[in-house]
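For reference, the structure discussed in these notes is given below.
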Amino acid sequence: GDPLLVKVNKITSTKTQLPYSYYSLPYCQPDHIVDSAENLGEVLRGDRIENSPYTVFIMRESRMCNVVCRKVLDKKAAKAFKEKIDDEYRVNMILDNLPLVVPIRRPDVENAVVYQHGFHVGLKGKYSGSKEEKHFINNHLAFTVKFHKDPLTETARIVGFEVKPFSVKHEYEGEWNTKTRLMTCDPHAKRAVTSSESPQEVEEKEIIFTYDVEFQESDIKWASRWDTYLLMADDQIHWFSIVNSLMIVLFLSAMVAMIMLRTLYRDISKYNQLETQEEAQEETGWKLVHGDVFRPPTNFDLLCVYVGTGVQFFGMILVTMIFALLGFLSPSNRGGLMTAMLLLWVFMGLFAGYSSARLYKMFKGANWKSITLKTAIKFPATVFAIFFVLNALIWGQKSSGAVPFGTMFALVLLWFGISVPLVFVGSYIGFKKPVKEDPVKTNKIPRQVPDQPWYLHPAFSILIGGILPFGAVFIELFFILTSIWLHQFYYIFGFLFIVFIILVVTCAEITVVLCYFQLCSEDYQWWWRSYLTSGSSALYLFLYAAFYFFTKLEITKLVSGMLYFGYMLIVSYAFFVLTGTIGFYACFWFTRLIYSSVKID
């Protein structure tokens with residue numbers, strides 16, 4: 001007998017990617033529209049949760065044919081509905097924190113049901129015998145609320161919220177008033193709405209909005225009520241992707257191990273014997289460049305900035321994944337993932353400042369305040385600029401996906417109020433610590449780099465280096481893109497964590513292998529190369545995003561296309577910084593290791 005609150009959320013479309021608030025369409029409205037408080041993540045996603053005019057929801061009391069209201073559409077209202085039907089918009093609602101779903105039977109499997117999030121505003125169709133396409137609106141909703149009864153106390157909890165939408169041209173006798181009984185849907189005459197009724201066209205006439213509420217007992221326990229939403233039909237693909245990635249990792253690990261054992265062991269023992277004989281003049285390979293290998297690269301301040309940002313990213317992703325694995329960020333916590341990532345990014349500024357300052361001090365840089373400021377501002381400013389332009393585009397479309405000014409201000413406050421000071425604190429600590437000594441001394445005069453064979457040309461080896469890290473993640477990437485752009489839930493953080501570890505290992509190994517080949521051919525300019533080698537996987541990520549856009553998405557609007565590529569550009573940039581930093585640190589460790597094991601006069 002308790003009243004239930006049904007809330008309406010944004011209307012969404014995978015064709016335009018622009019969410020709108022529910023009441024932007026001329027639907028029936030309650031007396032007062034009350035906005036539910038949203039967290040930061042929800043606002044950024046464009047969720048606008050408001051109360052609904054569907055008020056006759058009384059727990060465990062089924063009611064048929066409730067009239068919401070009668071609307072007479074004018075030209076503008078009819079046009080608004082038609083546009084949204086053309087773009088295949090769906091209405092999202094929430095009851096007891098559960099999103100509304102439409103169960104759709106799968107024709108290929110017996111008794112299998114797929115859940116579609118939200119119901120379509122309407123559909124396009126033709127009357128039999130006519131050529132003209134008409135727009136029909138879903139004006140009758142048959143809600144089913146599933147509940148699970150507690151065997152001890154006779155109380156019940158809601159475990160499912162489903163709807164079957166119908167388009168019905170309602171009929172009634174006489175003038176319309178609040179007591180009018182519909183002939184097309186009458187609970188007294190036990191006449192329910194079926195799909196054989198004549199449908200309701202969208203035109204400049206009246207539309208009567210109605211709904212049924214039915215309560216069904218269910219075996220699903222409250223704790224596992226989300227399982228139907230997160231049903232993964234393709235576990236095999238994930239295992240396949242992980243096995244595929246592990247193959248790449250094993251291949252690379254074998255190569256690294258071979259280099260480490262065979263080459264290094266042989267090289268080092270040979271070099272250390274050479275000192276006893278007088279053949280030291282005929283040295284070849286990586287030992288020749290020992291006097292130059294730790295020479296600071298050109299633009300080393302920029303390298304420090306990027307490494308710091310990468311560390312910040314790495315920390316954010318690692319902690320987010322651990323939280324997600326422990327189940328803190330399940331989809332039932334709307335916007336939780338987004339909020340967590342933003343806050344973690346801000347607090348990881350500490351590590352960004354620390355690592356960029358340590359590196360800068362090692363390069364004997366003197367101006368640590370400027371490097372700190374750049375670390376704190378460079379990456380976020382770029383992202384913020386792209387984000388601002390995209391937001392202006394969304395705002396121009398009057399979409400609810402546009403971030404309001406207040407939230408923008410809050411983001412800037414987080415960035416300058418917390419992140420920037422933390423970067424400075426980290427940088428101060430990093431600069432106070434004593435610097436690591438290089439294992440070998442650097443010569444005063446840089447030596448000539450001999451001509452390199454074509455396969456060691458920087459551009460070629462950098463592009464080759466990005467293929468394997470991308471190959472390790474691209475199947476999982478497909479699921480992530482699908483969940484973002486086709487509005488499905490992403491919940492397999494366990495798989496994602498394994499893939500992330502594989503990514504880290506792959507980036508590190510491919511960089512070490514290519515760095516070794518480079519040093520063997522007496523090219524000692526490895527600092528930037530190591531960063532770009534694994535970072536180039538971001539280029540492949542962006543190309544894959546473009547491929548996904550043209551093959552899987554049905555986006556036709558220019559603005560929506562710009563949104564997609566704008567956001568994927570931000571994602572690729574972040575991926576570049578992350579993978580580049582992993583590669584750089586791997587190579588940094590590797591060069592220190594091999595040069596500290598050789599005796600040099």
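From the backbone N, Cα and C atoms, a Cβ is placed for every residue, glycine too.
Sequence-distant contacts of the transmembrane segment (239-261) (same chain, six or more residues past either end, CB-CB distance under 8 Å): 468, 471-473, 475-476, 495, 498-499, 502, 505-506, 509-510, 512-513, 516. Marked as transmembrane segment by TrEMBL: 239-261 (among others).
The transmembrane segment feature in TrEMBL is assigned to 303-329 (among others).
Taken from TrEMBL, the feature transmembrane segment applies to 335-354 (among others).
Taken from TrEMBL, the feature transmembrane segment covers 375-396 (among others).
As annotated by TrEMBL, transmembrane segment applies to 408-431 (among others).
Counting residues 6+ beyond its ends, the transmembrane segment (462-486) has Cβ neighbours under 8 Å at 14, 17, 237-238, 240-241, 244-245, 248-249, 252, 492, 495-496, 499, 502-503, 506-507, 510-511, 514, 529, 532-541, 544-545, 548, 552-553, 564, 579, 583 in the same chain. Here TrEMBL flags 462-486 (among others) as transmembrane segment.
The transmembrane segment annotation in TrEMBL covers 492-519 (among others).
What TrEMBL lists as transmembrane segment is 531-550 (among others).
Annotation comment: TrEMBL describes 562-590 (among others) as transmembrane segment. When Cβ-Cβ distances below 8 Å are used as the criterion, the transmembrane segment (562-590) is approached by residues 17-18, 303, 306-307, 309-311, 313-314, 317, 379, 382-383, 386-387, 389-390, 393-394, 465-466, 469, 485, 503-504, 507-512, 515-516, 526-527, 530-539, 541-542, 545-546, 549, 553, 555 of the same chain, each at least six residues removed from its ends.
When Cβ-Cβ distances below 8 Å are used as the criterion, the transmembrane segment (375-396) is approached by residues 18, 304-305, 308-309, 349, 352-353, 356, 402-403, 408, 411, 415, 419-420, 423-424, 427, 559, 562-563, 566-567, 569-570, 573-574, 577 of the same chain, each at least six residues removed from its ends. Packing against the transmembrane segment (531-550) from elsewhere in the chain are residues 303, 306-307, 461-463, 465-470, 474, 477-478, 481, 507-508, 510-511, 514-515, 561, 564-565, 568-569, 571-573, 575-577, 579-584: each is 6 or more residues past its ends and has a CB under 8 Å from a CB in it. Within its own chain, the transmembrane segment (408-431) has Cβ neighbours under 8 Å at 40, 308, 342-343, 345-347, 349-358, 360-361, 368, 371-373, 375-377, 380, 384, 391, counting only residues six or more beyond its boundaries.
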